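Sharing the features that Swiss-Prot gives for it:
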| type | residues | note |
| --- | --- | --- |
| ACT_SITE | LYS128 | active site, proton donor |
| BINDING | LYS92, GLN113, LYS116, GLY167, SER380 | substrate binding site |
| BINDING | THR211, ASN242 | NADP(+) binding site |
| SITE | ASP168 | site 'Important for catalysis' |
Amino acid sequence: MDQTYSLESFLNHVQKRDPNQTEFAQAVREVMTTLWPFLEQNPKYRQMSLLERLVEPERVIQFRVVWVDDRNQIQVNRAWRVQFSSAIGPYKGGMRFHPSVNLSILKFLGFEQTFKNALTTLPMGGGKGGSDFDPKGKSEGEVMRFCQALMTELYRHLGADTDVPAGDIGVGGREVGFMAGMMKKLSNNTACVFTGKGLSFGGSLIRPEATGYGLVYFTEAMLKRHGMGFEGMRVSVSGSGNVAQYAIEKAMEFGARVITASDSSGTVVDESGFTKEKLARLIEIKASRDGRVADYAKEFGLVYLEGQQPWSLPVDIALPCATQNELDVDAAHQLIANGVKAVAEGANMPTTIEATELFQQAGVLFAPGKAANAGGVATSGLEMAQNAARLGWKAEKVDARLHHIMLDIHHACVEHGGEGEQTNYVQGANIAGFVKVADAMLAQGVI
């Protein structure tokens, strides 16, 4: 493309190349819209077709996964690995197992992951992978056979210095263990090729908690910069998986009253707030094969909003921790009308572009996921460091490093987030992540 093109012409170029990849186009639009004024002031970043290269994955691997279920029936799923950018290190990003998984979603996640990983300051590139396999309702044997079948193709594309996957939606410690075990068998090599492993074979303490803890560390720093804090705040959390659980735990430690959790079927509301005992029971229920938030609500006699999200309730802080585009304009209007002070993304792109703009216009503090939920991948990087050194750190050391990294990410966002009274964290995160990746790409030439 001509180096003098406009923002809209660039976005149209991206849309035209992949007209059906709406999630990916949305992610590119969100990033480029905030970057464009910076790019106009720094024209070196529009040379050498850098932007065109940045929005095109270095490699996409697509393959079928053939496995046998418990009824001895042959099943066929699709799987992908998007190796988006290795400019600053090996590809790094999770594997997602969910029926909604497609190439557009994985490209959007890999694109976001590239900037998120850059923000951590650790030497990690960006990638993402997954399958339309649904682990819900499957036996452990079926999940194991699927993971092993998937690895018979994927293993040849991974390596400790090439591509290091981790977990994501539908992929927890069990699935990581199955995949890592098959990788070891096929490659005859025990080098670190997965993070989020069990502690018995190279995992890191605090890794399961890291995304949720990091979200709260970042949000607390954001609140403090603007004269507030979690202490005494009413908090709504969406989701009830790994990120939501540990965000609830850490927010409680900081003195917040967390009143909601949710899943795809509805929301539980506890006006008195979660306690350690209640949270432990929720985690136990969700760990069971068919555990739902509705079961937790029934057990404790709590309000259950069937088919609803938590955003209609009056709260001070909202932490969307479920899935992409869960918080739309209507939900944003409700939160703003009820006096929300801050929104921080625990999930990947859970807030639509329109809702994000609405929060910013209303003066609501807004922390984008690429900064706020970077704690998970940051601790994955720390797990890689421990594996490389053949060491295991104590939980306190990992947690302290995580806290420090999240404060560094917050500082980078503030540095690039404008000079007004209120920091534009979307702008700050996008520019800070972009500059690191772009400088590396320019230094390495046209490759």
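Note that Cβ sites are derived from N, Cα and C of the backbone, with glycine treated the same way.
Not measured: the values here are computed from a predicted model.
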Of LYS128, ASP168, THR211, ASN242, which recorded positions come within 10 Å of GLN113 (substrate binding site), going by C-alpha to C-alpha distance?
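Checking each Cα against GLN113 (substrate binding site), the hits are LYS128.
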Give the sequence-ordered set of same-chain residues, not counting LYS92, GLN113, LYS116, GLY167, SER380, with Cβ within 8 Å of the centre of the Cβ atoms defining the substrate site.
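Checked against the 8 Å cutoff, the neighbours are GLY93, GLY94, ASN117, MET124, GLY126, GLY127, ALA166, THR195, GLY376, VAL377.
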Determine, from DSSP, whether GLY167 (substrate binding site) sits in helix, strand or coil.
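The residue in question, GLY167 (substrate binding site), is coil (DSSP, three-state).
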Measuring C-alpha to C-alpha, could you say which of the binding-site residues THR211, ASN242, SER380 are within 10 Å of LYS128 (active site, proton donor)?
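So the list reads none.
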If you draw a 10 Å sphere on the Cβ of LYS92 (substrate binding site), how many other Cβ atoms land inside?
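The answer is 30 other Cβ atoms.
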Long-range neighbours only, meaning 6 or more apart in sequence with Cβ under 8 Å: which ones does THR211 (NADP(+) binding site) have?
ASN242, VAL243, TYR246, ALA247, GLY346, ASN373, GLY375, GLY376
Return only the integer: C-alpha distance in Å from SER380 (substrate binding site) to ASP168 (site 'Important for catalysis').
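So the alpha carbons of SER380 (substrate binding site) and ASP168 (site 'Important for catalysis') sit roughly 12 Å from each other.
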